[in-house]
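TrEMBL annotations:
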type     : residues : note
ACT_SITE : ASP74    : active site
ACT_SITE : CYS77    : active site, nucleophile
ACT_SITE : HIS287   : active site
SITE     : GLU262   : site 'Linear diubiquitin binding'
Amino acid sequence: EEDMYRDAEEIEREKILLCETSSSEHKLSVAPEMDIMEYCRKEWRGNTPVAKRMRKGYEAVAQKFASIRRVRGDNYCALRATLFQALSQATQIPSWLQSEDFTMLPQNLLSRYDWIKQWQLKQKLGRKMGEISDEIKEYLILLRKKWKNISEIKGPIEKQEACDKLFKNEEEEYSLYEALKFLMLNTAIELYNDDKNGRRVPVFSWLLFARDTSSNPCQLMRNHLNHIGHSGGLEQVEMFLLAYALRYTIQVYRLYKYSTDEFITLYPNDPEEDWPVVTLITEDDRHYNIPVRMCQETML
């Protein structure tokens, strides 16, 4: 099948990388850490303008972070990278996760918006309304439980081990992504209603609903959110939506934008001061990896 997004060189590199990866590592959603410049040299050996720009970009990231962890490159990768970073540095459970009505969200939304019955859960079709509500509720409960458990672990090594273990458990991992997608839908509905009622909304919300394919939350669900993880990943404007849903600032080193003012992009670009920050790396705005081990001088 022809790949519309990646060039031949990129596809070939990925094949080589897969061959070099042992079969046991295929199951790892987030690979073990590797020196960031070593990773760069392995990935970008050529002398094309693109390769040179990537190396410059990685050099800039290496001023702040020592290592990189490669994230499995399926259509969940933006959710995976963001959630992994959020959990691996969590020291407390966010207030929105603790609210009493958090787990009632699916039931409340389904009672108001009949079209949410068309929500597709992990490629399973033809569920009844009650089943969708109950299943999403389970995912939200799981998200709260995992966030609470990991945030209570004090030692950084033990915390990382707990995250690694969670992201090797496919059933739980993909359930968490379904929870995140539903939180994104809820946030989109809130923003859409705020705008319709004359309340102030962030600029990205206008862009989100200015698309022909998502002029309202129902279309957003049907044409975008239902496809995330299956036939598509997160688009740029949906990175903003994810950030708002989690109330996290997502800082991304966009390596192909090196030497422009978009090299480091914040989602949202006017973040709330009390929102925690997670950092990701992308070479193309489609696949995201994780920088780790902040350099000592940066931390000081």
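Along the chain as shown, the residues are counted starting at 1.
Including glycine, each Cβ sits where the backbone N, Cα and C put it.
Automated prediction, rather than curation, is the source of TrEMBL annotations.
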Give me the long-range Cβ neighbours of ASP74 (active site): same chain, 6+ apart, Cβ under 8 Å, in sequence order.
GLY229
When you measure from the Cβ of the residue listed as 'active site, nucleophile', how many other Cβ atoms are you left with inside 10 Å?
22
From the Cα of CYS77 (active site, nucleophile) across to the Cα of HIS287 (active site), what is the distance in angstrom?
6
Measure from the CA atom of the residue listed as 'active site, nucleophile' to the CA atom of GLU262 (site 'Linear diubiquitin binding') and give the result in Å, rounded to a whole number.
21
Would you count the other C-beta atoms found within 10 angstroms of the C-beta of HIS287 (active site) for me?
21
